[in-house]
Structures are given as structure tokens and as C-alpha cells.
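Pulled from TrEMBL, these are the features on record:
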- 35-53: transmembrane segment (TRANSMEM)
- 65-87: transmembrane segment (TRANSMEM)
- 123-146: transmembrane segment (TRANSMEM)
- 258-286: transmembrane segment (TRANSMEM)
């Protein structure tokens, strides 16, 4: 049977994170090198600066409740991605050590049947990440082009409300600022999809390991010619495999527990803000209709 390579299955996720500055080459971690400089540069320019410009703008739109809630909704999501990037970089050494164990003999399928057994889990992971990426692309399309669709680009409307230390409502500053916002948003969304994809990959790996462990236990005494010594040896391997799975899961949880907390917190607040925006829109529509009726 051909030896399975878990790292090969995760290769696209690792490659994307590497291009984003979030996965140092090989088994290296962050240090005093060019890759660390690149990672810090893109994090500051494309995430922190972009979020900061939008945060400062809140001061200038405080009287517009709808704009404030809409901006906070976006800011929370982008700030969450920046925090996820920070935690990934902070825990890179531990994460690389965890990933280095995935091709351990204990974690590999022992038979062709086991390899087929875990295929549905791998396919489900790929479909989940693919669906998330597809929805993200659709969201990016509308976020990036809505000023063109509603023709507000004629009054120099940017995709996101933000303050800049210069007058961007002149050409070519407007076009350059527009492109900067689009690049930042694409970068942030790509980071978010790939970090979530990595978390899903770790969970998928643990699930596949338990599937193989259960299969080993079911076939503990499948051959009548096996003696008690062989069965005991298999049982010891199963116990060792179980311990290694739990150790891997503990390290993985240590990496992404805070990431999931941030994700759920931001998701909850975002849903609340979205509901609040709906009530604000309803009140504004009612007030507008009422004033028109009075004019008649």
C-alpha cells in the first residue's frame, strides 16, 4: 500500500498561509530574517493600518447612527482577523511541532480499507473550506464593486468609510485609495479563510485518527491463528495511538481555543449590530413615509 502523506493533503492551505506571511518555510519559525520582516510588513500595512483608518473615521461620523453601526460591524470582523493572525504567529513554534508529527507511523492508515474509511472525512473538510472560500469570493465581489454598481464613485465614495491624512476625493488619489482598500480587504478575507481552513484541518485530522482507531479495535482479533501475544501487542498499539491522538488534540486546542472565542464573540456582536441596523432602517423608512404623507 502506498504511504499516505498528510502534509501533502494540507499543502494548499500551507502554501496560501506562506504567501500571506503566516507560515514560515519548512520547519522554521519567526526569527530575525527576511520572511519575518515581510510578515510584519503586510500585517501592519494591510491589516493594522486599514483598520486604524476606519477606526479614526468613527470620530467624524458619530452623529450618523447608521454609519457608525455599519462601520463597527465591519471593524469587528477585520479586527478579529488581525487577532487571529497575531495568535497564529505567536503560537507558530508549537504549531509547527504539532504539524511535524502528522506523518508519524501511528497516524497513518495501516490498510487500504482504513485509507478508504477516512476519505469521506477528508472530502467533507475540502467541501467545507471550498464553500467558505466561494462565499468569501462572492462577498468580496460586492464589497469591492458596490460604489460602481450604485454609481457613488462619481462622488468619490470608497468601498469602506475611512479617514486618511490627505484629500482622497481627487484623481488619482481616489483611485489609488480605492485600490488600497480592495487589496486590504482581499488580503484580510484570504487570511480569515485560510486560518479557519487550518483549524478545520486539525479537527478533521483528529476525527480521521479516531476513525482509524475504532477500526483497529474492531479488528483486534480478526484472525483465528493470532495468539494472545499478538492481540496484546495490537491492544498496546491502540492505547499508544489513543494517547498520541489526545496529545495532538490538546496542542491543537491550545492553539485555536482563543481563536474560536474571538470568532464567536465577534459573530454574536455582529448579529446584534445587524439586528439593530434593521430596526434603525425600519424607523427611518417609517419617518420618511410619514413626512411625505404630511406634505401631501
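Cβ atoms here come from the backbone N, Cα and C positions, even for glycine.
Those TrEMBL annotations? Automatic predictions, nothing curated.
Residues 20-22, 24-25, 28, 75, 78-79, 81-82, 85-86, 89, 162-164, 180-181, 183-185, 187-188, 191 of the same chain sit 6 or more residues outside the transmembrane segment (35-53) yet have a Cβ under 8 Å from a Cβ within it.
Residues of the same chain lying 6 or more positions beyond the ends of the transmembrane segment (123-146) and with a Cβ under 8 Å from any Cβ of it are 13, 159-160, 182, 185-186, 189-190, 192-193, 196-197, 200-201, 204.
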